[in-house]
Amino acid sequence: MPCERKPMRYGHSEGHTEVCFDERGRFIVTCGNDGDVRIWEGLDDDDPKFITVGEKAYSLALKNGKLVTAGSNNTVQIHTFPDGEPDGILTRFTTNATHVTFNSSGSRVAAGSSDFMVKVVEVSDSSQQKTLRGHEAPVLSVTFDPKDDFLASSSCDGSVVVWNIEEQTQVISWPLLQKTNDVTNAKSLCRLAWQPRAGKFLAVPVDTKVHLYERGSWDHVSTLSDDLLTQPINVVTWSPCGRFLAAGSVGGLLTVWDANSKLCVERQKHEKGFTVCGLAWHPSGGQIAYTDTEGCLCLLDGLSTSASDGDAPKAPAKKPAKDYDALFDDDDDDRLVDEGLSGANSPVKKREDEDEDDFLMPATGRVRNRGAFLDDENSLDTGSLKLGRDKFGDDDNDDNDTGSAIVPPSAAPPVPLRPVYEGPLPTHPQKAFQSGSTPAHLTHRFMMWNSVGIVRGYNDEQDNAVDVEFHDTAVHHAMHLSNSLGHTVADLSQEAVLLACPGTDELASKLQCLHFSSWDTNKEWMVDLPSGEDERALCLGRGWAAVATSVQMLRLFSIGGVQREVFSLPGAAVCMAAHGEQLMIVYHRATGFDGEQALGVQLLQLGRRKRQIINGEPLPLTLRSHLTWLGFTAEGTPCYVDSDGVVRMLNRSLGNTWTPVCHTRETCKSKSDHYWVVGVHENPQQLRCIPCKGSRYPPTLPRPAVAILPFKLPLCQTSTEKGQMEEQFLRSVLFHHHYGFLSSGGYEVDEDGQTRSQKEQQELLMKMFALSCKLEREFRAVELAELMTHNVVPLAIRYASRSRRMALAQRLSELALEKSNQVQEEEEQDEEEPEYSGIRRPSGFGQSEVTGRRHSNRQREEEEEEEEEEEERGEEEDAQEMETEETTETRKRVNPFAKEAGSPVMPSLTPLGKVGRANPFKLAGSTKPSAPSGQPRVTNILDNMTSSRKSAPLAGSAGKANKAPVLKPLAPRPKPRSKTQSTLLHMTGTKAASKKTPDSTEPPADQQKQPEVPPPASPAENTENKRPKTGFQLWLEENRKNIVADHPDMEETDVIKDAMGRFRTLSADERLSWTERAKGQSGDAADLKKRKRGGEGGEDVEKETGPTGADENIAKKKKSLDPSSKLSAFAFNKN
């Protein structure tokens, strides 16, 4: 009985779903957890008619144009069919009905309920009801005897009962099932089935077997079983002829037995292993429809049974007793002998060339290659056949036909001993699919949805076409293409549209490219694939197109149609994706077991020097899931999504491992809801996807709305403050690796974004450091300091010393010294690199490519160095005269010396030039910095968190011997430090910024010794010039110590509030005198600015240093040296 499993359809939301055919087999009717009854004209019906019967529909039955449903409103309703008009309420229960069924004539309906009762109602007159009482738990199922005398029911009390309908009494009860308290907790639905026509046998699913009971005597006459059934059977149903019995199990296995010979004639596995909860046989006997607990509808087609098979039990009696061939007359029985072998009629061989459209899972037939793990399967079949011949081949009269067809359990001989494979079963390999597309069996579908645009396919009576729509119409206008070739897969890029169609017996598989960005007039080309080779996946990169084929080959074309490369894949391709010069291929590397998919991934770089970055590594997936989306982020980092909703991204810094960054199912309201991913962005961190209610993919109309989900790494204890900061830091690091990758590949990078990300990471480290100190975790604090840059460690030292943790401060100072030495060594290595970088070039991969570019660009960089110095020096002086608040124009201004194609970029914070860098800890005989020289240096390090690169070109130009490359891409425009300091240290008022002015304006000792290197002008001066101090600020500086002494636990904002109250209590004359003093200070600052402007014309920069330093010394004398005032700059205050 070879049959074909059709692709799965999503019919209802997740939950119990039932199915039946109408009497002529024209319609498939389903009901589900969404309260709808859907009427399908076929499995390919994209727009089935539906009837809403309530919040939920638990069961349905159809006969004589009447549709009966059991809904969540505790009623059994009746509708006309197929119009769906309400026709009244048949009966009511005190709770919801669980199962309904018609008798053979359609005149009666039986319904079982969770209130332990069974009712039999006349359809023509619902007032004529019979109630069957006796069950002690909710009723699971009911079924009529074909002769309408008896009714059988199963219940959660563990019993299966046969009732006499007229007398309303129990005929017999069998305690066969496990007891439960509710239908939802039952291991099996135990859907009973009475043999049609004669009604000789009642089939009862009991665990993994089906018991057959004889009508009248009620004896257990036979048991149908199968070695591969390991989970309870949920539902059974007879074929219309009454010869075959089909069963669906909890594990998704579908089994068909010949009731006469007790042989399993067909096995099919649910595509995804979901529990089968509804089963219906087509009136012709050629199809079986089944539904699962996820709301899906599936179909088995090609079951070769016919009405004449109903007389099959009598056939052996007409043959001679010794004629062994009597058992093999029917074509279905030929299948039994052939089962497990690979012949012309074997479904295994027949399906090798099939190409089903559903991309979710493959639609294969039986357990593939069962002979590989079931040794000599025919030995069991032959033994069973002989057993059948001995028992019913010798009987000639019809009266004994029942006894001849079924072997009593007591008379059955033991099964011959043979090895049985009991290990994990192989998983059906996932079918190839196109990422960003919906299943191909839909008439209206998305062929591609990506960051460039949308490709829609239409295939109905009116039109067979492809529509291409661009998100940005500046790329190209929308296109409408006729689809006469029947293209099924597509991809879209900024340059072209790529389409492909499968081959037929007459025509080869074709690849068609519409190169709309071409400058010539002929913008289209087409290629025929070799005979017997079909496309499986395709993608478009920058300047090239790739197609993976059915013979495990990958063909690479230029965007103009030139065949560039062809190579073999290690396994059958599943999906491909491209971004720029990167090509990612996912394929089957082996057979998976127990629901797992064994996928491998290759990542190729197809630039000038082609190389393989990932070579056949296993692709990690969630347990029992499959791949649903594959692609790149907008910044070029590979990522993918599995059917469990987990998004994973490549972590280049950890040896090309995959890190889970989001779990979309956590944000779904229902288990049947999903998110359909269309794009991933790293900056800003966004997962762009379409919410799909009750399905896995969206409809084409109405146009779906795109939602944005945040990323969240699955770290431990993210509900705590520590866990949240750790997750933010790790995510920030992971999502900013692309800066280094892009810069090493010669791409432009967002310098402002890179600077912001580095600053964000250092802020998070400082917060975690402060939290560790607060929790008395000094070792952890040192671990966090090791992650900081050498410019930020002094901040941690200051915090530790202010917190009176001298041992911690000592260790941190040693760490700072190590980091400073490391930076110095790295710079020396960078200087030496050009001398030997050419020697390493033959190695071919990785670093040699980067260093080669450095060597080639070094000469050009040195020529531009002097010109850039003059420009940047002028920019610095301009920046000092600008407003301290940054405007959006300042942030967005493009650096005219932005990075060229080959200049090297280091993703970490770049240190100051070797000449201009001063080590604050290099003091004779002491590792602890003293206050006079340490404090000004620490303040400059503070500033360096956002503007350290400004002085790098100047330092490099001071001495021509310093040949370190100018890191142009990482040199942002100078920004006011007062603002960045307030962000970093959480300052709440202008007071803190003004207090730092004297410190930041005094140059460090090392810079004073080297007058040829100009120190970076402190933007704190600009703050001073643009915003003069008020009298209140001046008064607060001198009186803060008293306020803090009175209230040591007070926060910074409370200190300012208290100070304002005290300042108001002063007399008017006193307040006026403070204001005059403040104006006097601002006048000094104004004079300083005038002197600076006057010196810009022809004086050297070092001439400005003298007067500036003098004014700074005057300002420093006025400054309060109270240490408690400095603590206000930190995120945490220590008592």
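Glycine residues also receive a Cβ, built from the backbone N, Cα and C atoms like all the rest.
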### Task
Name the residue range among 35-89, 420-474, 640-694, 1025-1079 that TrEMBL annotates as DNA-binding region.
1025-1079
### Query
If you run through the repeat 'WD' (233-267) with DSSP, how many residues end up as helix, strand and coil?
0 helix, 23 strand, 12 coil
### Message
So if I exclude everything within five residues of the ends of the compositional bias 'Basic and acidic residues' (1067-1079), which remaining residues of that chain have a CB under 8 angstroms from its CBs? That is, six or more out.
### Response
1028-1035
### Message
For the repeat 'WD' (9-41), report the average pLDDT of the model, please.
### Response
89
### Summary
DSSP puts the residues of the repeat 'WD' (9-41) at 0 helix, 16 strand, 17 coil
